[in-house]
Amino acid sequence: MGFAGRVREATRSDHAAAQSMAYFDALLGGRLDRYGYAALTAQLFFVYETLEDAAAEMRADPVAGAFVFDELTRLPALVADLEHLIGADWPARVAASAATSEYRARLREVAFTWPAGFVAHHYTRYLGDLSGGQVIRRALDQAYGLAGAGTNFFEFPGVEPRAVKQRYRQLLDTVPWDAVEQERFLDEVSLAYRLNTAMLDDLGKVVA
Ligand code: HEM
């Protein structure tokens, strides 16, 4: 099994925990209103603001830079969604939750200076967006009749998710990290999942 396969196996239970958060149940079951959905979009805005700042910093890194795919950039889509879902005054009406602030603090701590740390956080978000994100988008369209408006975050125009994921896994399979660095990477992916799970837990309380 290549490294990409190992990453997936090693974090299978972390993924299961993230995926089974009550917030997703309510969201995908159509039990929230548009503000309940917008609450997720807002928290993701704060995450991607920092993550994509880190990407700009890491672009020049010989290893981490290869993972910076411009076509995956999510911040403009999140801004468009927030404008649609909340209105032009959205910046005054959203704030990072405690869990999201912790997530951002970890990103600032590792993703700007440690290439494998950046890739760990990048992988956890973007590969998820290209995978489960597609399932979520279809469910949202159905549950809330959004017809594509307000769900730009889940859309990657001109991108073939399967092809990008394949390329991404090839890159992971060829990273020049030694065994110690690979373990540190796996730990950071696991932490990234837990930070996402905590963010979703906070969201579950907000919309309960
Ligand atoms: C309702 C919520 C979710 C659903 C339905 C879902 C579903 C899926 C599915 C079906 C795959 C496999 C796709 C494939 O084999 O190509 C996948 C992969 C993935 N998901 Fe999720 N997911 C959810 C939540 C999350 C969350 C919250 C995260 C983390 C932020 C996440 C991160 C990932 C990652 C990183 C992968 C790629 C694993 C790999 O192949 O290396 N997912 N997801």
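Note: Cβ is positioned from N, Cα and C throughout, glycine not excepted.
Pulled from TrEMBL:
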type	residues	note
BINDING	Arg8, His15, Tyr123, Arg169	heme b binding site
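Known features from TrEMBL, placed on the structure.
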residue: Arg8; record: heme b binding site; Cβ contacts under 8 Å, 6 or more apart: none
residue: His15; record: heme b binding site; Cβ contacts under 8 Å, 6 or more apart: Tyr193
residue: Tyr123; record: heme b binding site; Cβ contacts under 8 Å, 6 or more apart: Val7, Phe67, Tyr168, Leu172, Val189, Ala192
residue: Arg169; record: heme b binding site; Cβ contacts under 8 Å, 6 or more apart: Gly2, Ala4, Gly5
Span of the recorded heme b site, as the biggest CA-CA distance among Arg8, His15, Tyr123, Arg169 in Å, is 17
For heme b, residues beyond Arg8, His15, Tyr123, Arg169 with C-beta within 8 angstroms of the site's Cβ centre include exactly Ala4, Val7, Thr11, Leu127, Leu172, Val189
